[in-house]
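Trainee: Sharing a structure with you now.
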Amino acid sequence: MELINNVAKGHGGFSVFAGVGERTREGTDLYLEMMQSKVIDLKGESKCVLVYGQMNEPPGARARVAQSALTMAEYFRDVEGQNVLLFIDNIFRFTQANSEVSALLGRIPAAVGYQPTLAEDLGMLQERITSTTKGSITSVQAVYVPADDITDPAPATTFSHLDATTVLDRAVAESGIYPAVNPLECASRIMDPDVIDVDHYNVAQDIVQMLTKYKELQDIIAVLGIDELSEEDKLVVDRARKVTRFLSQPFQVAEVFTGMTGHYVQLDDTVESFSGLLMGSYDQIPEMAFYMVGGINSVLEKAKSMAEEAAAMEKQRRARQAQASSEGSN
């Protein structure tokens, strides 16, 4: 939802959402949120199409809804010359629907009970997602991993078609970081200095190296405590914790739930901010100032506000202490 909102408002782009096996309630909620954010405007120009094959539909309908959404995306690309963002939620349910169709046709199941045409079914969908001289289709697909088994045939076959993967982690969510992305598990084929800016590439690699080192140090901290680390390792831990919190972000579409103002941060600002973190430019700022904010300017403002609140609380404490001393002497 946040991506659709940013694409529509920030870039004037068009999005197509395919709800494969979606719950009716979830589909209705998404539609109402789109209406509220004006991405869908019944009296004006909408920037999004919603296509649903609900859970209660036959497997044939659920299997076809992703293809139908892709056909619409192809229309906006080829006829209207749009660059289209295609969302598929959930690609695993697309595989399940085709598996049910395969069983109804009497085909002998393959590995783990999936249809023998698993690779063909996914390939027919994924290979249509491409760019032409008239426009492009970029797809974002939610992938459910059964029992967290990354080698399961359904997600494994899907991953072979994807250029990048963003992994959501329960442990990250439990720590209160949202979006709950595990940066060490994520990967991208275009993370290459020949494709992206060299500074962007170098900063990203340095951040991954720092977080990897921090993960290794967590076992030592759990057993011996942070005081047993060298000064260099303590600095790595301090900066890595700030990086982890800085990866959180308040969403515009979640403002009604969190009460926090959503932020959209430009790529250049993000790279510059993380570069400053790596070089120690913000070592004096407390780590909580990096939590659920936008760019580095928001961090500095939050740090200033935290310092003012701490000073006010200290002033009140001293006033109460002085008053207590005065009453005691009397």
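Each Cβ is built from the backbone N, Cα and C atoms, and glycine gets one as well.
Annotations for this protein, taken from TrEMBL, read as follows:
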- 3-188: domain 'ATPase F1/V1/A1 complex alpha/beta subunit nucleotide-binding' (DOMAIN)
- 194-269: domain 'ATP synthase A/B type C-terminal' (DOMAIN)
- 311-330: region 'Disordered' (REGION)
- 321-330: compositional bias 'Low complexity' (COMPBIAS)
Trainee: Compute the average pLDDT of the predicted model within the domain 'ATPase F1/V1/A1 complex alpha/beta subunit nucleotide-binding' (3-188).
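Mentor: Average per-residue pLDDT within the domain 'ATPase F1/V1/A1 complex alpha/beta subunit nucleotide-binding' (3-188): 90.
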Trainee: What are the helix, strand and coil residue counts for the region 'Disordered' (311-330) according to DSSP?
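Mentor: For that range the per-state counts are 19 helix, 0 strand, 1 coil.
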Trainee: Per DSSP, what is the residue tally for the domain 'ATP synthase A/B type C-terminal' (194-269) in helix, strand and coil?
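Mentor: Summed over the domain 'ATP synthase A/B type C-terminal' (194-269), the classes give 56 helix, 0 strand, 20 coil.
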